[in-house]
Amino acid sequence: MQPQRDLRGLWLLLLSVFLLLFEVARAGRSVVSCPANCLCASNILSCSKQQLPNVPQSLPSYTALLDLSHNNLSRLRAEWTPTRLTNLHSLLLSHNHLNFISSEAFVPVPNLRYLDLSSNHLHTLDEFLFSDLQALEVLLLYNNHIVVVDRNAFEDMAQLQKLYLSQNQISRFPVELIKDGNKLPKLMLLDLSSNKLKKLPLTDLQKLPAWVKNGLYLHNNPLECDCKLYQLFSHWQYRQLSSVMDFQEDLYCMHSKKLHNIFSLDFFNCSEYKESAWEAHLGDTLTIRCDTKQQGMTKVWVSPSNEQVLSQGSNGSVSVRNGDLFFKKVQVEDGGVYTCYAMGETFNETLSVELKVYNFTLHGHHDTLNTAYTTLVGCILSVVLVLIYLYLTPCRCWCRGVEKPSSHQGDSLSSSMLSTTPNHDPMAGGDKDDGFDRRVAFLEPAGPGQGQNGKLKPGNTLPVPEATGKGQRRMSDPESVSSVFSDTPIVV
């Protein structure tokens, strides 16, 4: 019996020690769970408005919401909390003096979904600054002094839905955040209002789905006035997008150092916006989106004949794929107005799209290339021919023989009726006209033995000309045509 009593006493002693340790641990936990200058309520810790220069240490690991706003925090280092806060989903750091955040500052809070860094003194968002926050859904960075946003600052944040960057000094539109929807696929709100944006990537903005444009806020920026900008926001106004409808008076642009409302650009002679129809040609493959203002809506398409378009393509070549209208090969009878009825949990929307079909096919790329090539070759050949005509003289034909001197009789008929050569020998002396350069055209004069009209006088004979030099003029044939009216010189 004695051993049993000793064993029972030992068990009682161990139980007492265990209970004592449990109470001590619970008391210690109650001390750690609520740091000084903080208000604790279950898993919520509020340390706001305490003028804290540093984050309180020994934060309980079960903390789900930590409020450190309205304090004097200036730096958020990598070791700001020695405890890994895996249960923390909301961290409030607004209205502090933060000007530095370590790239490893968010390693202890991997499951954070809500982060408020607004109203601080941040200047730069470095690359991979938030890459450890892969579960983050809402990020508030408004009312800082941000000038530079690195292109990789928001890497690996596939769950981010709302990003607030308003009231900063950003001058470059971070197009990488929205282009193609790959970096932030769930982003539905991007607030860039009240910054220093002057130019927008209009082409990329036009391609965005309506549910992204609906939450893209760009008001209160000194945008450069342009008709393309007017067309962009007019389209958003036509679609009744919240980003435009809620801030119409604050959407302005800058021209000649003056602000103008974007929707009053009459002095630019901008064309009035009209919703354009889709255009297609015979045989084209076409996809028309049901561009709703919300994601995840159920979509139903109705054809111009008021029939529902099914995914199996019961209406000819038309079918529905992933909520979009798909035409395998466009036909003439496919033209008309299609209506998309979109239904969501809290919002319904109706969209109408007009399709115009042209009754011909477009030339292929190969034909277009051939036409352009032919035109180019024709132009080059034309230029070459013109250059040859202008600058290259005809070649002398060396195959022709040397011409023999013609006889006097042959020359009589081919002699010129008008001659610029004086009818005297320039080598003879004693002539009054020697040295006098008079340009006179003569008809062939009559010979000394000729009578009127070049006829021979009776008893006279025709003198034979002597061999002379080049300057000696040959006598004309008395029966030649050139002897007619031969006595009168013509002065030129």
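Indices start at 1 and increase along the chain as displayed.
For all residues, glycine too, the Cβ spot is worked out from N, Cα and C.
Just so it is clear, the model here is predicted, and its values are computed rather than measured.
Among Ser319, Ser419, Ser476, the residue that Swiss-Prot annotates as phosphoserine is Ser476.
Disulfide pairing as given by Swiss-Prot: among Cys253, Cys270, Cys340, Cys290 connects to Cys340.
Note on Asn348 (N-linked glycosylation site): other Cβ atoms within 10 Å of its Cβ, all shown chains, come to 13.
Between the alpha carbons (Cα) of Cys38 (disulfide bond) and Cys290 (disulfide bond) lies a span of roughly 51 Å. For Asn269 (N-linked glycosylation site), no same-chain residue 6+ apart in sequence has a C-beta under 8 angstroms from its C-beta. On a Cα basis, Cys47 (disulfide bond) lies 51 Å away from Cys227 (disulfide bond). Secondary structure by DSSP for the domain 'Ig-like C2-type' (269-352): 3 helix, 35 strand, 46 coil.
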